[in-house]
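Below you'll find the structure, written out as C-alpha cells, and then a few comments.
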C-alpha cells in the first residue's frame, strides 16, 4: 500500500498494526539515540559548508580579486549544487539504502574541500565549491529519512525536532568558526577542517552505522528477488532518476508546503548573506570573528525553536486525533507552523531592516541580535513541522520527500540569493527586508 496524504499510516487491521509496530522495534532506545547522534553530526556538515563562508566573504573578495556580487553568485550556485545533490542522494538512498549513499558522497566532500582550500581563481572556487556542496548534500535529507525509518508517527515530531536542534547547532558555531579562521589564520584553513570532518564522518558511517531502511523497502532488494527467480536484470535497472523526487511535488499539498518553506527560508538568507555589508558596515564591525559571532543569536533561536516546534507539533497531532475519536489528519501537524509564519518571521525581518538603517550604536546591535534570535525560532516553527509532515504523508519515500521539499526550495532560493546583494546595493536594507517580509506573509497565506 502506497502512503499518501489521503491515506492513514495506521491500518485498522490488527495484524498490520502489529507489523507496523515491530518495524520500529528493530532498534533499542539507546541505538536510536546513537543513530540520531550520527545523522545529526552528518547534518551539521552542510551547514558548515554553507555558513562558514559568509563572514569570510570580504577576505575572499580580496584574496581572489573579485567583488561581493560575484561571491554572492558563488553562494547561490552552492545552494543549487546542494539541492541537486540532495535530490540525487535521496533517490538513490531509497533504492540502495541510506548507508551506501553516505559512504559514496563523503569522498566528494573531502575532495571538494581540499580544492576550495587550494583555489586561486573564481572558476576554480566555483568548481570545487559545487563538488564540496554536492558531497555534503545527503546530510539533511537522508538524516530526516533515517528519523522516519526508526521512529513511529507519535514520536517522529519530537525526534525530528531533536535532530534539527542538533543540526542547527551549526547555525551558531559555523559562522563563528569561519570568522575566527578568516580573521586569525585563513578562510582556507576552515575548508581543510571541513575536509577532515568529512573524513571522520566517513569512518564513523563505515564502522558504526547500520542500514535503517525498512526490510523489503529498497529497490535493490526487489531486483535481487527477481534475479533469484531467473528474471533477467539489465544494467539500466540499477540506475535511478535523480529528479524523480520532484514528481512528488505534483501533490498540491506537498507543493504548497514547499513554497511556504521557501518564503520562510528566504528571510534567513536575507539576514545572513549580506551580514558583513549590513551589520558589519553599519556598526563598523571589521573583525571577521565578530561578524561570525553576530550569527550566534539566530543559531540559538533555531536550536530553541527546533525541539519546541517538534513538541508542539506532536502535541497538536495527539490533541486533534483525540478530538476526532482516533481519526488522524496529517495536516494537523502544520497548525504548529502558523505562529512562526504569520508573526515571528516577517516581523523580525522588517524590524531588522529598520533597526540596521535607523538605530545607531550598541542599541542597534542588540536589537538586530534580538531580531536574529526571533527569526531563528520562527524559522524552525515552520520548517520542523513541515519536514515531519512530508515524512508522515510519504513515509515509504521519506528521504525523497524531504529532498524534494528542500531541493525545490533551494533551487528557487539559489536565484533569490543571487539578487540579495544587488537589491541591497540598489534599494537599501529596509526595502529589501520589507520585500522578504511580504513574501513570508504570502507564504503564510
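Just so you know, the numbers here start at 1 and follow the chain as drawn.
Every residue gets a Cβ built from N, Cα and C, even glycine.
Pulled from TrEMBL, these are the features on record:
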TRANSMEM  34-57  transmembrane segment
DOMAIN    35-445  domain 'Major facilitator superfamily (MFS) profile'
TRANSMEM  69-89  transmembrane segment
TRANSMEM  101-120  transmembrane segment
TRANSMEM  126-147  transmembrane segment
TRANSMEM  159-183  transmembrane segment
TRANSMEM  189-209  transmembrane segment
TRANSMEM  254-277  transmembrane segment
TRANSMEM  289-313  transmembrane segment
TRANSMEM  334-359  transmembrane segment
TRANSMEM  365-391  transmembrane segment
TRANSMEM  411-444  transmembrane segment
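When each of 126-147, 159-183, 365-391 is scored by its Cβ pairs under 8 Å to the transmembrane segment (69-89), the top-ranked stretch turns out to be 126-147. At the 8 Å Cβ cutoff, the transmembrane segment (289-313) and the transmembrane segment (101-120) share fewer than 3 close pairs (sequence separation 6 or more) and do not count as touching. Restricting the average to the domain 'Major facilitator superfamily (MFS) profile' (35-445) gives a pLDDT of 83. Stretch with the most C-beta contacts under 8 angstroms to the transmembrane segment (254-277), considering only 159-183, 189-209, 334-359, 365-391: 365-391.
Proximity of distant same-chain residues to the transmembrane segment (126-147), defined by a Cβ-Cβ separation under 8 Å and at least 6 residues beyond the stretch ends, is recorded for 35-36, 39-40, 42-46, 48-50, 74, 77-79, 81-86, 88-90, 93-94, 98, 101-102, 105-116, 119, 156, 159-160, 163, 167, 191, 194, 198, 212, 387, 391, 398-400, 402-403, 406-407. The transmembrane segment (159-183) is not in contact with the transmembrane segment (101-120), judged by fewer than 3 CB-CB distances under 8 Å for residue pairs 6 or more apart in sequence.
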